[in-house]
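This report refers to the structure that appears directly beneath it.
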Amino acid sequence: MIMEFEFSKMLEEVLTWIVAHLDGPLWDATIIILLGTGLFFTITTGFVQFRLFPASLREMWFGRSVEGSSLTPFQAFTTGLASRVGVGNIGGVATAIALGGEGAVFWMWVTAFIGMSSAFAESTLAQLFKIQDKDGSFRGGPAYYIVQGLKSRCMAVAFALALIFTFGFAFNSVQANSIVEATSNAWNWKGEYVGISLVIFTALIIFGGVKRIAIISSNLVPMMALFYLIMAVIILGMHIDMIPSVIHRIVQSAFSFDAAAGGMFGALVSKAMMMGIKRGLFSNEAGMGSAPNSAAAAHVKHPVSQGLVQMLGVFVDTMIVCTCTAVIILLSNNYGSETLKSISLTQNALQYHIGEFGAHFLAFILLLFAYSSIIGNYAYAESNIRFIKNKPWLVLLFRLMVLFFVYFGAVRSGNVVWNFADTVMAVMAIINLIAILMLSPIVWKLMKDYQRQLKEGKTPEFKIDEYPELRKKIFDSRIWK
């Protein structure tokens, strides 16, 4: 038997203490800022998630090829989707329902709908403020638009560190933990062996470079999503007459009050709302500041183009994939069991609908989902490591720490890694949401430029020389010549 590292046990105790003291106050602030920012951009952009939804489909589909070494819009979309479409759609939804009840699904919908406008804003800004490397590829994200747009290196570094801890360490621990739970339930695989295997296969990928990561994600994500959705549609079709009652239960339960624990607002909001918002943010990442890192890597003619593409990713993640998972769970007779939470709840629901095959099928699909999420998470975090200090030794150290946290998640308690993820993602989201609020005038300016060109019958193309006030802020304005 492979022994667990003593350090991982000590780390679990430290993380438990940190979460106990910080999670409540952090989520008080996060709920207010997350929903407030989403509503602000929804209103000030004239409900961009409705008006420009058809344009987002065009931008994604017709951006499948580009010359040079930068990512295509489609690859940037699927890299973002690799992180969005994963454990959050399967284990996250199940956890939300287990802890927050049926109504948590409604609040996941609300978070996604409002968050689509925040996702649009953050990814548009990431495109504008991106920089170009020597090999011709692009990189960027919140740290880049904070330091250029707000001229705050300290705030940018704080965000970069928060993202590194969230995606490089915490979220990858969650992904590994979920793989272990799924494979243990289906095939009785031991966590230690699964953890070591994940470390090996992750190492093979993360030393291959971001371009390679994008290619793998581009190939895997559509296939994974398609398989999972086909299975979901088959199950929903088998119970089509029961779906209206399930939707009614979701909406009705959303407004029943059962106070959530922790923080000032823990006594003012329901468990359904708290868990729906937490798991909704974990799943779709709208406004968190993660997707802009892949959005910045895309080669597009106008910043708004990639903002629309990433907005579409939020819709696909929550309104389609998460909803399918939720309905599958709520249609099963085993919903509400005290012993079934997270991945095991979803596996049990599938087993109820389609037999033993369901548990095995989900374990295989989740293995692919979670592994691709680890790849996408790493890509986000590496970009921010290079922002802080682009030194080979630091990148190497970071990669080794990523591998450690993958193993840590595989062998430690699910409650510990999920709570750790909740806490650090709240810090990351707060910093990013404040930044995009402060940069909102730039978002409006770019959107007006895009819409003006559409009305003139042109393919929108951003010319930085027409906006000298923006050219002065951007480090690499040659990109938009």
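Glycine is no exception: its Cβ is also placed from the backbone N, Cα and C atoms.
As written in Swiss-Prot, here are the features:
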- 30-50: transmembrane segment (TRANSMEM)
- 96-116: transmembrane segment (TRANSMEM)
- 154-174: transmembrane segment (TRANSMEM)
- 196-216: transmembrane segment (TRANSMEM)
- 220-240: transmembrane segment (TRANSMEM)
- 250-270: transmembrane segment (TRANSMEM)
- 311-331: transmembrane segment (TRANSMEM)
- 354-374: transmembrane segment (TRANSMEM)
- 391-411: transmembrane segment (TRANSMEM)
- 424-444: transmembrane segment (TRANSMEM)
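Highest Cβ contact count with the transmembrane segment (154-174) among the listed stretches 30-50, 96-116, 354-374 falls to 354-374 (criterion: pairs under 8 Å). Residues 48-49, 52-53, 56-57, 60, 77, 80-81, 84-85, 88-90, 92-94, 97, 102, 105, 108-109, 111-113, 115-117, 119-120, 123, 225, 228-229, 232-233, 235-236, 239, 242-243, 246, 249-250, 280, 283-286, 291, 345-346, 349-350, 353 of the same chain, all 6+ positions outside the transmembrane segment (311-331), place their C-beta atoms under 8 angstroms from a C-beta of that stretch. Taking residue pairs at least 6 apart in sequence, the transmembrane segment (96-116) and the transmembrane segment (424-444) share fewer than three C-beta contacts under 8 angstroms. Among residues of the same chain six or more beyond the transmembrane segment (220-240), those with a C-beta under 8 A of the stretch's C-beta atoms are 78, 81-82, 85, 89, 316, 320-321, 324-325, 327-328, 331, 350, 353-354, 361, 365, 368-369, 372.
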